[in-house]
Amino acid sequence: MIESITDRGSSRCLRHRISHPPPPGERSWSETTPIATHNTGTAADIMGTLMRSVGDRLKQLDFYPKTLDDFRIKTISGGAVTIIAVIIMGLLFLSELYSYVTPKIAEDLFVDTTRGSKLKINLDVVFPKIPCNLLSLDAMDLSGAQHVNIQHNIYKRKLDTNGYPIEEPQRQEKIGHEVIEGDNENNNNDNKTEVAAAPKCGSCYGTGKECCNTCEEVKDAYRTKGWALPPLPDIEQCVKEGQLVESTDLPQEGCQIYGYLEVNRVAGNFHLAPGKSFQHNHLHIHDVQQYRTADFDLSHRIRHLSFGVNIPGKTNPFDGTELSTGKGPKSINYYVKIVPTTYEKVDGSTLLTNQFSITQHQKDLQMGLMGDGGLPGVFFTYELSPMMVKYSEKQRSLGHFLTGVCSIIGGVFTVAGLIHSASYSVYRQLQKKVEIGKAS
């Protein structure tokens, strides 16, 4: 029998089934299922109660309570402050990102203990009023090693009076003034199988040198002995070459000298000076007797000067420096203080180089017996510091970057909220005063 009971005000019917008594020997359905149904409902109720309890506890820990939309007031000033805050957050985020991807440079200072290495000097100097055939580069150091007329890794390029190249740069292979040009070069063969016929040996006019086959070799022999050169028509080699008169006028040319040289890692100097250089009685001499020293114009432009490889982010203090001296014998001295430097990159590679500071002094020379003697030219005197500087690239950690980003977002958001609250409070007070004034 099935009965239905209908609640008032509801369209649903509650149906209850009334079971007939079971046949003898059989168990009724209510005896087998009520216990399971009762247990399932109890577990669900327990889980529901537990979840509600955990939810209530989490609500008590909420630091960000929400208000109904009906109680929120949005203003134009709030929107403007929001836009400005977002822009500031974006700019600060980009700045933080750039700081994260750019390695940080750490500096350390300690005593230089390196030994046995060479000092590489890179230079690029332009002399607009001195021809290349008159200009020589020499270097010497305190260890006693003298490298005269260094040209091995040096290029010379002839320039016109406007500074434009006249011809292609030429690499100078000879080192020192004793290298003889001309026919003797043809006799130097690495794969000699037979002895070549020796050229005719010209007289050196009692200077002690065995052979002088050119006019220039005769001049070198006289310079080495320190003797005055006789008239050119009296020298057979000069007569054959047609050099009967020494020109005292400087060619209207300029010269660019550039390249690099390696010297011992001790204090020393290198200089660019007019005249051919040679050694006599342990003295370093430049022969400038052929030309009038009053016509020398040592004006120059230092396009580049460095000692070793360039350090990323560092510039050389003397690049692009120009000095106008005018005519006359002058000695221009540059005093260089070199600081050994090590640069260690993030990948572990290391650069060994040098930094330097430089000062300059210029002196006029009065050539003659009663004048202030000296060699006209441009001199670079360098000294090495006993201290070494080490630069190390260090990458910022990801945690530091994320901390900075969170600080930016939270700080800007808080400050923007304070500014908006203050401006809105002032606006409300002014609005109230206006309303009171209208009411009165």
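Every residue, even glycine, has its Cβ placed from backbone N, Cα and C.
The region 'Disordered' annotation in TrEMBL falls on one of the ranges 1-32, 161-192, namely 1-32. For the transmembrane segment (75-94), the residues of the chain that approach it from at least six positions outside its boundaries are 405, 408-409, 412-413, 416, 419-420, 423-424, 427, judged by C-beta separation under 8 angstroms. Sorting the domain 'Endoplasmic reticulum vesicle transporter N-terminal' (58-147) by DSSP state (H, G, I as helix; E, B as strand; all else coil) yields 35 helix, 27 strand, 28 coil.
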